[in-house]
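Asks: What Swiss-Prot records for this protein is below:
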- 13-228: domain 'ABC transporter' (DOMAIN)
- Gly45, Pro46, Asn47, Gly48, Ser49, Gly50, Lys51, Ser52: ATP binding site (BINDING)
- 264-283: region 'Disordered' (REGION)
- 272-283: compositional bias 'Gly residues' (COMPBIAS)
Amino acid sequence: MLQTARQDQEVLVEMRNAGVHRSGRWLVRGVDLTVRRGEIVTLIGPNGSGKSTTVKMAIGVLQPDEGAVRRMPSLKVGYVPQKVSIDWTLPLSVERLMALTGTLDRKKVGEALEAAGIAHLARAEVQTLSGGEFQRALLARALAREPDLLVLDEPVQGVDFTGEIALYQLISEIRDRTGCGVLLISHDLHVVMAATDTVICLNGHICCRGTPEKVLKSPEYVRLFGARAGDTLAIYHHHHDHTHLADGRVRQADGTIVDDCHAHHHDHARDGGQGGGGHGHAG
């Protein structure tokens with residue numbers, strides 16, 4: 001088989017110039033994004049930047065009003081939502097949580113709980129779980145469906161820093177073991193997974209993209225968070241060659257002001273030392 005054919009077969013989702021228009025405005029526009037099997041792509045950006053809209057287009061919940069989205073035939077998606085509506089006053093075990101959205105094979109449930117590191121909590125009430133344990137339960141529920149693409153919407157919300165490290169490490173291990181693609185929304189603009197292959201910064205459009213840089217392994221950092229933290233979390237240095245004004249217009253690097261930067265080219269810095277406009281963020 002030709003190499004190009006193999007590469008095309010590995011593509012799970014491909015978006016080209018995709019956008020969603022609602023109530024007279026673009027929620028997000030001009031999105032080019034590809035997720036391949038075994039690849040981790042992380043979306044970052046402020047609230048309202050179009051991260052969730054982009055994910056919904058990727059998995060087919062929303063159809064693009066312009067551009068195109070192509071998915072692998074019979075693509076299986078495992079989805080961990082940002083919020084789950086649960087009546088916390090009712091008794092609900094982790095096992096029952098796993099089957100809330102459909103019947104699952106008991107063996108697959110057990111394997112998924114084992115993979116998420118919470119097999120010992122199968123009969124525990126969800127009300128008693130910590131933030132990290134609950135996120136692992138949601139992750140296990142997605143894994144039980146043996147997805148080709150794992151979609152994680154802010155998977156470390158409500159989790160302390162140590163828990164973030166453990167969850168990101170788990171996500172990386174799941175990718176390595178199953179070969180699934182991962183599309184992840186990060187709640188933090190500055191700290192992303194070191195294992196991420198591509199970081200895409202959104203603000204109604206793609207501002208910039210690149211690979212994350214590992215957190216500096218200073219003695220102080222290792223002392224505070226442990227040696228593994230530097231291998232799991234990374235700082236993504238990026239720069240913008242334009243400025244978003246309060247009225248929604250955009251000031252370009254040469255001083256000209258335009259209505260939007262949809263068609264404007266954005267330089268991407270893979271190294272924080274490139275370009276005078278680079279900003280280093282340290283979580």
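Every residue, even glycine, has its Cβ placed from backbone N, Cα and C.
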Asks: Since the record lists Pro46, Gly50 as binding-site residues, which of them has the fewest other Cβ atoms within 10 Å of its Cβ?
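Replies: Looking at the binding-site residues Pro46, Gly50, the Cβ with the fewest others within 10 Å is that of Pro46.
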Asks: Compute the mean position of the Cβ atoms of Gly45, Pro46, Asn47, Gly48, Ser49, Gly50, Lys51, Ser52, which form the recorded ATP site, and then list in sequence order the other residues of that chain whose Cβ is within 8 Å of it.
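Replies: Nearby residues not in the site list: Leu202, Asn203.
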Asks: Which residues in the same chain, at least 6 apart in sequence, have a Cβ under 8 Å from the Cβ of Ser49 (ATP binding site)?
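Replies: The answer is Val28, Leu202, Asn203, Gly204.
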Asks: Over the domain 'ABC transporter' (13-228), what is the model's mean pLDDT?
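Replies: Residues in the domain 'ABC transporter' (13-228) carry a mean pLDDT of 85 in this prediction.
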Asks: In this structure, which of the binding-site residues Asn47, Ser52 has the fewest other Cβ atoms within 10 Å of its Cβ?
Replies: Asn47
Asks: What does DSSP assign Lys51 (ATP binding site), in three states?
Replies: helix
Asks: Could you check the binding-site residues Gly45, Gly48 and say which one's CB has the most other CB atoms within 10 Å?
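Replies: Comparing the binding-site residues Gly45, Gly48, the most crowded Cβ belongs to Gly45.
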Asks: Helix, strand or coil by DSSP: which one applies to Pro46 (ATP binding site)?
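Replies: DSSP call for Pro46 (ATP binding site): coil, neither helix nor strand.
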